[in-house]
Amino acid sequence: MPRFVDRVVIHTRAGSGGNGCASVHREKFKPLGGPDGGNGGRGGSVVFVVDPQVHTLLDFHFRPHVTAASGKQGMGSNRDGAAGADLEVKVPDGTVVLDDNGRLLADLVGAGTRFEAAAGGRGGLGNAALASRARKAPGFALLGEPGQARDLTLELKTVADVGLVGFPSAGKSSLVSVISAAKPKIADYPFTTLVPNLGVVAAGGHSFIVADVPGLIPGASQGRGLGLDFLRHIERCAVLVHVVDCATAEPGRDPISDIDALEAELAAYQPTLQGDAVLDDLAERPRAVVLNKIDVPEARELAEFVEDELAQRGWPVFLVSTVTRENLQPLIFGLWQMVSEYNAARPQAAPRRPVIRPVPVDDSGFDVQADGHGGFVVTGARPERWIGQTNFDNDEAVGYLADRLARLGVEEELLRLGAKPGCAVTIGEMTFDWEPQTPAGGHVAMSGRGTDVRLERSDRVGAAERKAARRQRRERDDD
């Protein structure tokens with residue numbers, strides 16, 4: 001069973017909005033109480049929240065489907081439905097959210113950072129909210145909107161200050177175990193480390209985090225070995241450290257060629273966070289070299305031989321031994337100095353400014369195109385949303401939809417493009433036979449929908465009518 005998972009595909013679905021209610025107020029001695037249907041509740045959203053206590057994406061490996069609660073239906077007596085609760089999904093610090101096209105949506109760093117992965121649907125309006133001067137007693141309500149659903153890829157990129165890279169069995173895990181309290185698995189065979197290991201290193205009154213990445217081999221950036229799966233964990237590192245095995249007996253291996261091979265893999269790797277204003281490219285990150293295993297006499301001689309050549313590249317070089325713990329303190333304080341200098345020099349993340357994108361004045365909000373088969377296709381956020389809100393089992397609701405489309409200008413545009421009565425018109429997932437509201441076209445005034453003739457005329461005699469009747473009787477008596 002996998003215990004460390006750093007990449008998963010999850011299926012998020014927000015809650016749908018509750019349907020509105022169509023009801024009439026009923027009370028003794030009030031025969032014309034009017035509409036009192038409440039609105040539906042908003043659907044719950046799926047929200048990712050960074051939790052420092054979570055360190056892996058293992059939970060999503062077994063439960064990849066995440067669904068929020070839907071809103072409740074509205075009720076009579078102007079009672080709105082309850083809103084669905086937002087579903088907060090805990091993710092590790094350093095999680096990157098990608099859409100199904102690989103586009104970066106969010107980089108979640110820092111405890112409490114939130115990202116709305118799927119937005120809940122809006123609740124439908126009840127007939128009380130739909131009532132107006134022209135439509136006093138609506139006999140229908142709007143349906144709730146479906147919640148947003150999309151597939152997302154979560155990648156965990158370890159939040160560490162120093163990343164240790166090197167060939168398998170170079171001593172990276174051993175180095176982490178002696179400079180921190182981490183206890184990674186250590187053995188004398190390649191690819192012992194299968195998952196990244198983190199260790200907190202104390203440098204005087206300061207501390208920094210070191211990440212041990214599984215060993216790299218030539219071709220790791222193209223997917224060979226384990227490198228492609230774990231190179232993402234060094235994207236956030238301020239300092240990259242080459243850990244070189246100076247005691248290796250493999251033919252064709254030496255410290256210079258090992259470092260050149262690793263640099264070629266780092267240059268070929270395309271990080272997801274490339275182009276971030278705060279993080280430099282991997283090629284521009286400061287480097288350090290650790291020549292390991294100098295407790296072996298031949299390894300010490302080789303390390304001293306190549307030390308000057310590596311120093312000419314401008315990289316600090318440390319000769320260490322994890323067995324005798326030689327030169328570990330200079331290494332720790334040297335790495336802390338490099339981390340602090342890099343963090344002080346790089347620009348701080350600017351706060352995100354709200355961007356307001358007003359709708360253009362000449363934007364009608366929809367578009368009508370011929371489908372090539374004698375029909376037409378209407379696209380646009382509002383018409384498609386209105387289709388989803390309409391209960392097509394209610395004739396009055398269908399008429400209300402027709403009025404909304406006519407006010408938006410859809411009917412006039414269809415007439416302008418030569419639409420004939422009975423032609424097929426598609427809006428969203430609904431296709432219907434179009435019939436103009438009036439034979440004269442779209443410029444004729446529409447009659448109001450949802451009117452109640454009982455509210456227009458009444459047989460009840462008011463005070464003014466009684467006063468006029470008494471005046472007429474007095475005039476007749478005088479005559």
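Yeah, the Cβs are placed from backbone N, Cα and C, and that goes for glycine too.
Bear in mind that the values here come from a model prediction, so they are computed numbers and not experimental data.
The GTP binding site feature in Swiss-Prot is assigned to 166-173, 191-195, 212-215, 292-295, 321-323; the stated evidence is sequence analysis. Taking the Cβ of SER321 (GTP binding site) as centre and 10 Å as the limit, one finds 23 other Cβ atoms among all the protein chains shown.
Sequence annotations record features per position, and here Swiss-Prot assigns Mg(2+) binding site to SER173, THR193 based on sequence analysis. All chains included, 25 other C-beta atoms sit within 10 angstroms of the C-beta of SER173 (Mg(2+) binding site). Under the DSSP three-state reduction, SER173 (Mg(2+) binding site) is assigned to helix.
Look at Swiss-Prot and you will find 451-467 tagged as compositional bias 'Basic and acidic residues'.
Residues or ranges marked as domain 'Obg' by Swiss-Prot: 2-159. Summed and averaged per residue, pLDDT over the domain 'Obg' (2-159) gives 90.
According to Swiss-Prot, the domain 'OBG-type G' annotation covers 160-340, on the basis of sequence analysis.
When the domain 'OCT' (358-436) is classified with DSSP, helix, strand and coil residues number 30 helix, 16 strand, 33 coil. According to Swiss-Prot, the feature domain 'OCT' maps to 358-436.
Residues annotated as region 'Disordered' in Swiss-Prot: 438-479.
GLY166 (GTP binding site) sits 11 Å from SER173 (Mg(2+) binding site), counting Cα to Cα. The 10 Å shell around the Cβ of LYS293 (GTP binding site) contains 24 further Cβ atoms across the protein chains shown. In the three-state DSSP scheme, LYS293 (GTP binding site) is classed as coil. Annotation note: SER321 (GTP binding site) sits in a strand segment as assigned by DSSP. For the pair SER321 (GTP binding site) and SER173 (Mg(2+) binding site), the Cα-Cα distance reads 13 Å. Each residue contributes its Cα atom, and for SER173 (Mg(2+) binding site) and LYS293 (GTP binding site) these two points are 13 Å apart.
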